[in-house]
Amino acid sequence: MAAASGYTDLREKLKSMTSRDNYKAGSREAAAAAAAAVAAAAAAAAAAEPYPVSGTTKRKYQEDSDPERSDYEEHQLQKEEEARKVKSGIRQIRLFSQDECSKIEARIDEVVSRAEKGLYNEHTVDRAPLRNKYFFGEGYTYGAQLQKRGPGQERLYPPGDVDEIPEWVHQLVIQKLVEHRVIPEGFVNSAVINDYQPGGCIVSHVDPIHIFERPIVSVSFFSDSALCFGCKFQFKPIRVSEPVLSLPVRRGSVTVLSGYAADEITHCIRPQDIKERRAVIILRKTRLDAPRLETKSLSSSTLPPSYASDRLSGNTRDPALKPKRSHRKADPDAAHRPRILEMDKEENRRSVLLPTHRRRGSFSSENYWRKSYESSEDCPEAASSPTRKVKMRRH
């Protein structure tokens with residue numbers, strides 16, 4: 001058997017098996033030593049590098065995202081700094097009690113009633129959907145009333161064009177502000193009452209610096225609301241951006257604006273902040289050098305080009321501003337309905353005058369009206385006969 005297996009002696013076989021086992025053991029020891037060397041090298045590399053090699057991609061991403069994060073943080077810091085500047089120009093006082101508010105609110109209702117009866121001057125009352133303004137002492141042109149849009153174009157009305165400040169405003173509001181040293185004696189010569197219905201608003205604006213002194217004082221009544229700074233308005237549909245600062249305004253509270261809050265940033269009332277009827281009395285002082293409309297001595301520079309030169313002579317009182325709306329007496333709910341624009345009135349008038357079969361023709365009703373009107377000018381008989389129909393040829 002020993003010869004068949006290739007070994008001549010059992011001792012040789014045992015000797016050969018022992019050498020193989022020793023080789024295997026030596027290989028295992030060498031592998032363990034090599035693994036230990038690799039681990040030691042990896043530990044040394046980890047100690048030399050702040051991040052492992054496998055984290056290089058993550059580190060690069062973090063480095064790339066740092067500028068974006070810093071820009072956002074910079075924007076937030078700027079916004080917080082601007083809000084701090086706004087707050088530095090705001091002073092709020094809870095001055096009027098519930099009973100005092102009720103008395104003043106009853107007086108405001110009297111103002112609304114007198115306006116509905118047409119007892120005020122033409123420029124005292126300014127109506128808009130969901131918001132009415134009542135000017136006392138001094139009034140001024142703004143918004144769509146201006147011939148030229150933009151800051152600095154506002155003008156005071158001539159003296160006497162708006163009613164005097166009611167005596168109750170002096171007794172119930174102004175006098176208390178003077179007693180608490182909010183404003184000095186004799187400071188106020190302009191009082192405006194803004195009456196808002198739910199959903200009403202006033203767009204972002206700065207009270208004209210060339211018209212009014214600072215501070216600007218307002219007192220709130222009927223309900224709580226908020227005064228927002230730095231908003232941007234968009235219309236159709238109406239949308240308002242996030243404010244730099246939203247200032248809660250409580251019923252009976254006094255808000256005083258000056259400095260940055262009055263001059264360097266816009267303020268507004270958002271529609272979502274008027275949930276109930278709200279009124280605010282704004283008390284201001286006009287500047288001595290504030291520009292004023294002069295209706296008796298108008299210059300051609302303040303009139304539209306269509307005005308003839310002979311209209312500048314005499315004692316005509318043509319206003320130096322384009323008409324904003326009709327000043328005829330309206331029913332109590334008229335101010336809270338959508339305005340009917342002049343173009344809508346014209347379209348309605350056409351629909352009444354045009355024949356029924358012409359209202360929905362294959363050509364524009366506007367062209368039909370224009371051609372019909374031109375034909376009536378050429379034919380006096382057609383102009384004098386309202387029932388005469390003008391047949392137009394289609395082209």
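Here the Cβ of each residue, glycine as well, is placed from N, Cα and C on the backbone.
Packing around TYR140 (active site) is summarised by its Cβ count: 22 other Cβ atoms lie within 10 angstroms of its Cβ, all protein chains included. What Swiss-Prot lists as active site is TYR140, and the listing cites similarity to another entry.
What Swiss-Prot lists as 2-oxoglutarate binding site is ASN194, TYR196, HIS205, HIS267, ARG278, and the listing cites similarity to another entry. Under a cutoff of 8 A between CB atoms, and with a sequence separation of 6+ in the same chain, the neighbours of ASN194 (2-oxoglutarate binding site) are ARG131, ASN132, LYS133, ILE202, ALA279, VAL280, ILE282.
Residues belonging to the coiled coil (68-117) score a mean pLDDT of 94 in the model. Annotation source Swiss-Prot lists coiled coil at 68-117.
The SUMO2 cross-link feature in Swiss-Prot is assigned to LYS329; the stated evidence is similarity to another entry.
Positions annotated as N6-acetyllysine by Swiss-Prot, on the basis of similarity to another entry: LYS133 (among others). A simple way to gauge crowding: the CB of LYS133 (N6-acetyllysine) has 17 other CB atoms within 10 angstroms, across all the protein chains here.
LYS236 (N6-acetyllysine) falls within neither a helix nor a strand when secondary structure is assigned with DSSP, and so counts as coil. Annotation source Swiss-Prot lists N6-acetyllysine at LYS236 (among others), citing similarity to another entry.
In this structure, LYS236 is the one among the recorded positions HIS205, LYS236, HIS267, ARG278 with the smallest number of other Cβ atoms inside 10 Å of its Cβ.
For the pair formed by HIS267 (2-oxoglutarate binding site) and TYR140 (active site), distance between Cα atoms is given as 19 Å, rounded to the nearest Å. Counting every protein chain shown, 23 other Cβ atoms lie within 10 Å of the Cβ of TYR196 (2-oxoglutarate binding site). The distance from the Cα of ARG278 (2-oxoglutarate binding site) to the Cα of TYR140 (active site) comes to 23 Å.
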